[in-house]
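The feature [2Fe-2S] cluster 1 binding site is assigned by TrEMBL to Cys55. Taken from TrEMBL, the feature [2Fe-2S] cluster 2 binding site applies to Cys95, Cys98, Cys143, Cys145. What TrEMBL lists as domain 'FAD-binding PCMH-type' is 216-394. The annotation FAD binding site is assigned in TrEMBL to Asp344, Leu384. What TrEMBL lists as Mo-molybdopterin binding site is Gln724, Phe755, Arg838, Gly1012. Taken from TrEMBL, the feature active site, proton acceptor applies to Glu1188.
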Amino acid sequence: MGSTAAAASVVLAVNGQRYEAVGIDPSMTLLEFLRTQTPYDAATNEVTEFSASSCLTLLHSVNRCSVTTSEGIGNTKDGYHPVQQRLAGFHASQCGFCTPGMCMSIFFALVKADKEASRPAAPAGFSKLTSSEAEKAISGNLCRCTGYRPIIDTCKSFAADVDLEDLGLNCFWKKGDEPADISKLPGYNSGTVCTFPEFLKSEIKASVDQGNFAPVAISDDGWYHPKSIEELQSLFHSNWFDEKSAKIVASNTGSGVYKDQDLHDKYIDIKGIPELSVINKSSKGVELGSVVSITKVIEVLSDGNMVFRKIADYLSKVASPFVQNTATIGGNIIMAQRLQFASDIATVLLAAGSTVTILMASERLCLTLEDFLQQPPCDSRTLLMSIFVPDWSSDGMTLGDHLIEEICLAFGAYGADHAIRARKVEDFLKGKSVSSGIILEAIRLLKETVLPSEGTTHTEYRISLAVSFLFSFLSSLASFLNEPAKVKNSPEKFLKVDNNDLPIRSRQEIVFTDEYKPVGKPIKKAGAELQASGEAVFVDDIPAPKDCLYGAFIYSTHPHARVKSINFKPSLASQKIITVITANDIPSGGQNVGSGFLMLGDEALFADPVAEFAGQNIGVVIAETQRYANMAAKQAVIEYSTENLQPPILTIEDAIQQNSYFDIPPFLAPKPAGDFNQGMSEADHKILSAEVKLESQYYFYMETQVALAIPDEDNCITVYSSTQVLEITQNLIARCLGIPFHNVRVITRRVGGGFGGKALKAVHIACACAVAAFKLRRPVRMYLDRKTDMIIVGGRHPMKAKYSVGFKSDGKITAVHLDLRLNAGICKTNMSSKSMMRGPGEVQGSFIAEAIIEHVASVLSVDTNTIRKKNLHNFKSLGVFYGESAGEATTYSLVSIFDKLASSPEYQHRAAMVEHFNSSNRWKKRGISCVPITYEVRLRPSPGKVSIMNDGSIAVEVGGIEIGQGLYTKVKQMTAFGLGQLCLDGGECLLDKVRVIQADSLSLIQGGFTGGSTTSEISCEAVRHSCAALVERLKPIKESLEAKAGTVEWSALISQASMANVNLSAHAYWTPDPTFTSYLNYGAAISEVEVDVLTGATTILRSDLMYDCGQSLNPAVDLGQAEGAFIQGVGFFTNEECATNSDGLVIHDGTWTYKIPTVDTIPKQFNVQLINSAREQKRILSSKASGEPPLLLASSVHCAMREAIRAARKEFSVCTGPANSTTTFQMDVPATMPVVKELCGLDVVERYLESVSAASATTAKA
């Protein structure tokens, strides 16, 4: 081992610029987005490029590397890269928070494809990337706004095999009117970005020449880099080594699953040990060093026999490309062994009969992977050296009627400590030929083997899933399952054609108009390129002010308990604490208030002294960095007492039983429509006390809650907050601090996704920062980690609906009574409060209506669309339920929309094809459904201010906040339109002159809130009124100039007006017409799905949306809103599962347990049509809202799933549920895979095999 201390500095290039960091904390990660990490081999002059995750990558691990970020490939100063330009031009950025990551994933995919010399040269303007690869380029990235479709189109625009005509709406050509041509796209040439600068190569070469480049094992900054096993062993035996403070790393990606619970002051990086990077291929198999990346393993195994290729294909589905590039094969296995990580990699390698070599106490041991996993968790001194995967010599293997000679069956992630071999099943199957009876017995043995441990969720589903996998595998060896006579196709015939591999296609139909140009044109989102390059500034991007401190919440883990004390574990992180802010630190005269809204009451900022629910803020830990604060908060030890407190109320039922209610304001009380008793007496049929339940949904915006508070002179404070409610935030901060409102300035430039979650809940973070900054007289920033955000912020209101309904024999509903039980300010519980989320109440109500309709159809055994059509509102009934919101009869478009979809010949044909598919397929079932929606939105007052600078540029302020909905884009268009009568071209020349500036609570007051889908249009109307005032002032000057010189340029007009001392700033406070404060939105959607009966997995084959957007202010923006809302709704209805523990504390608190839609889950065919209904001059330029209503259309997916499940239940005579019926069953929200599988039947495989065995026995007797 060397004896010289390693240099306590990290040298790297960031976007070509040299940086040297000296004396840094070894646990520091790359805080900026890291997307391309490029090691250089000085001996070969080769650069290896790959993408990586900056939040997982430790800064020391990129020493002597070049880091390229999204800003490095293109920016405002140097010009944008074609990836950034195309993302903007294909309308693929909304809030923009995820866009830099998308940009770099696409960029890396292009670099990787273009570097492969074996690929044919790409045509000019294209890359070597294929369309299929393009779709997978962003498979690891998450987006909550766009619905992914436009991002996929951006990716595909670079693929040489793409048909450009298939790409969606964009700014480069007008679809349908102009031919698509590569020359119209921003030009792409590979290799134009230098990802590894020459100066860094020179430094590396010089270091190699001097023999001191390779870091040695002794460090004076806590980062150790041993070069041999011997050096590593020396470190293990050194007197400073202990498992708590020292961490062994190769890539650190495991911290994405198992978050560090304390700081580490020493890291041992084992990537530099040659023995751990070996790759040895022989006739016996492949040996893989433990630090070989998963990407490299996939590459090696892909160049092998069938078994190796299958393993490689399996591994390619694990994690995302930028994790695979750095994550190691050994790290994954060690987590499975030591931490009971549910490793897919361990499972597949176990099935392949792999062995491992470990180093334990200086002794090398070779063990089977099975034995290794069964050992007690190894300590940190045990080193996994390599994994050996044997060669099964499978090429040329044929399947048919033959005895099973050798078989390995591995099962993992079913709820045990680790993956296992099903030895009893293997022994039973050896020497046998597969038959239905043999498979049945194998399944019985498997059920004795696969035993989930106590506390495992969905245990029956997991066992059923294991059974399904075994059946799928064994049935592929059984020819009897392939016989056509009355026996439907076997599973393997379907599994060969995986619908998940189908290409994603789309169609958009929109209406363009020049009547109010440039309003109505699908121009690209304002600032989209800034977002793609990463230059767009969000709150956490604001440079830290001098002496800035950082905060992290400590929250209660008990639902109703008195907080007696706050202490901290003795740890490295605890040493970083500067102070703890609690309710005691609220200034004298201030109030303990964290949020509040109008007449609905306040919510406390801090528990004082009783924590009312699990997840309530108790205090804020203050430290020098955000990472220190987050880690220190984990060290908190809270002492609770429940003495003299009532037991917590944790369910709605408990609240009802204990008569625990809030006082409901009269205007919120439900109002009956019609006479229920009379309606029931007129009914031919009745459904009494049926039930349906909808769980919550987490917002999962990409930017978590964040605020920065900066104290100012004279008891003033400035707070930068990511909020949808600027005015409310200002007011509550002032109340909290006990100062006048004018002492508080709240600024919001943009929000990285909101969906309602950045409304009232965002105020807590702003108030907490303000209290801390006010007390400490130093700036304080808080940027919540995802777990804390999910625990404290709440989400959509869960509901349980009990309904009774009466209806005629023709399906006409005569009466409905609903009992709604919801955690939404009615029942007083000790659960965390929920909040408004995109389409609050309307989403649940619309779904409940569909559940009732489907129940009625099931009872009558008729097509559901018949019942839907029978019960669609006519205009008269619309007025009964919605009053003045119904508007004019000419604007009621729902009936025609529904007819265009549900009564079309195409729909009838597709429904027939679904029925044919289901009659021909046993293990996969399809469903199709058409769902209509009606959605009421409300208009409210809003301010706007337009100021024309002396050079003719225009600054605009509005009350609304840009949260990704395109508000600023529409406002720019409206400004140009409003001032357009002063321009020759109607205002289009002004678009580039307009800048919408950040919202500022002291600059533009009475901004209200951003939400309810109408903020864009009311902001636009306020701006239009401001523009009208300016036009009135400027028109006389324009006419005077025209009389003298003819045509007048905009700049000349403004120059003359300035000299004439004309007021070039106008403010308006628009209020809606008292007779028109709300209106209705209409739409319908058809969705077709395919359900895997064996697993419960659902594939959305196609969705067709038709939405009445009125005369759209910007069709591209509204299209994006419709698509994004629909996909967010798909998540709510199908796979976003919220869960809490017995105390009500959220436990699905990260991406590992909470699954939002990804690019892999959107419809394979995604069609959207925006229609323009009849004019309504009382609406803003006859436009309509688009932010929330389309989310309701996603219930069409849930309804289609019900149809597919119904077909499966009929197939296997499944009668589970209270109704004891194959066709009538309760299907709650979300319909996750376990729910779907249970409804299809957990025992369908056994039922089927028993029927086949019985049929075979009957045939044999005959």
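Here the Cβ of each residue, glycine as well, is placed from N, Cα and C on the backbone.
Of all the binding-site residues given, namely Cys98, Cys145, Leu384, those whose Cα is no farther than the 10 Å limit from the Cα of Phe755 (Mo-molybdopterin binding site) are Cys145. In this structure, the CA atom of Leu384 (FAD binding site) is 52 Å away from the CA atom of Glu1188 (active site, proton acceptor). Neighbours of Gly1012 (Mo-molybdopterin binding site) among the recorded positions Cys55, Cys95, Cys143, Cys145, Asp344, Glu1188, defined as a Cα within 10 Å of its Cα, are Glu1188. Comparing Cβ neighbour counts within 10 Å across the binding-site residues Cys55, Cys95, Cys98, Cys145, Leu384, the minimum falls on Cys55. A sphere of 10 angstroms centred on the C-beta of Asp344 (FAD binding site) encloses 18 other C-beta atoms. Ranked by CA distance from Arg838 (Mo-molybdopterin binding site), the recorded positions Cys143, Asp344, Glu1188 have Glu1188 at the top as the closest.
On a Cα basis, the residue listed as '[2Fe-2S] cluster 1 binding site' lies 14 Å away from Cys98 ([2Fe-2S] cluster 2 binding site). Between the recorded positions Gln724, Phe755, Arg838, Gly1012, Glu1188, the minimum number of other C-beta atoms within 10 Å of a residue's C-beta occurs at Gly1012.
Cβ contacts within 10 Å of Cys143 ([2Fe-2S] cluster 2 binding site), excluding its own Cβ and spanning all protein chains shown: 27. Closest to Gln724 (Mo-molybdopterin binding site) by Cα-Cα distance, out of the recorded positions Cys55, Cys95, Cys143, Cys145, Glu1188, is Cys95. Taking the centroid of the Cβ atoms of Gln724, Phe755, Arg838, Gly1012 as the Mo-molybdopterin site, the other same-chain residues with Cβ within 8 Å of it are Gly754, Gly756, Gly757, Ala759, Met836, Met837, Ile963, Thr1010, Gly1011, Ser1013, Gly1187, Glu1188. Surrounding the centroid of the Cβ atoms of Cys95, Cys98, Cys143, Cys145, where the record places [2Fe-2S] cluster 2, the chain contributes additional residues within 8 Å, namely Ser93, Gln94, Gly96, Phe97, Thr99, Arg144, Thr146, Met702, Gly752, Gly753, Gly964, Gly1124. Residues Gln724, Phe755, Arg838, Gly1012 are recorded as binding Mo-molybdopterin; their most distant pair of Cα atoms lies 13 Å apart.
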